[in-house]
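According to Swiss-Prot, the record shows the following:
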| type | residues | note |
| --- | --- | --- |
| ACT_SITE | UNK121 | active site |
| TOPO_DOM | 1-12 | topological domain 'Extracellular' |
| TOPO_DOM | 34-244 | topological domain 'Cytoplasmic' |
| TRANSMEM | 13-33 | transmembrane segment |
Amino acid sequence: MGLPRPVLWLRRLWVLLQVAVQVAVGKVFLKLFPARVKQHIVAMNGKNPHFSYDNWAPTLYSMQYFWFVLKVQWQRLEDRTEPGGLAPNCPVVRLSGQRCNIWDFMQGNRPLVLNFGSCTUPSFLFKFDQFKRLIEDFCSTADFLIIYIEEAHASDGWAFKNNVNIRTHQTLQDRLQAARLLLDRAPPCPVVVDTMRNQSSQFYAALPERLFVLQEGRILYKGKPGPWNYHPEEVRAVLEKLHS
């Protein structure tokens, strides 16, 4: 069950204040200590060396940054997942347009790996080949599902330079069209999209990207949210332990 609405709105207000203070302090530090801030950002950026400092650092603490971070933090207030708990059986849509649910992809006691993300999230694409190798190595003992959610860095939102150019999805067809771009990368597992109500993204607190392992309807592994804590290698460790 989610939070009662009055409690949810009070927490949203508190988060709003926290994010506003974070952005204000960030702007001050960026103004007073630009070299130190750049050093910190470059160190973080080492986790995705194919996406340079100049592509995204100038957008830090912008109004678009503020709204995106606020959206992510508000979404996490409605997280309905916990290790060992029941996995939300949210509706999703196949690329054919057929509607189904997440649990439809579970088979007996085989683990089901959920990979939430979008093409405009650099870390999701940067680690896509790593995720594909995971599928190839464990396809005989586990199932995999990519759930395409709202864009992390839409071109009309908190956009980065030299990134994939996709606007905010206004319709389900927009989302399906964006998800089909992943097919060029030949994913060896089904790809579905979140509904326009963003229920799976909301209940799994998946924005901007996140990994889960389900088994028999329950959450076996809950990865931390990306971009910095999105680690397919942790899923590998979980699957290896299951079948050791």
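For all residues, glycine too, the Cβ spot is worked out from N, Cα and C.
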Name, in the order they occur in the sequence, the residues of the same chain whose CB lies under 8 A from the CB of the residue listed as 'active site' and which sit 6 or more residues away.
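Residues satisfying the criterion: GLU151, ALA152, HIS153, PRO208, GLU209, GLY226, PRO227.
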The topological domain 'Extracellular' (1-12): which same-chain residues, six or more beyond its ends, come within Cβ distance under 8 Å?
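Contacts of the topological domain 'Extracellular' (1-12) (Cβ under 8 Å, skipping residues fewer than 6 from its ends): 74, 77-78, 80.
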So what pLDDT does the topological domain 'Cytoplasmic' (34-244) average out to?
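Mean pLDDT, the topological domain 'Cytoplasmic' (34-244): 93.
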Please state whether DSSP places UNK121 (active site) in a helix, a strand or coil.
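DSSP assigns UNK121 (active site) to coil.
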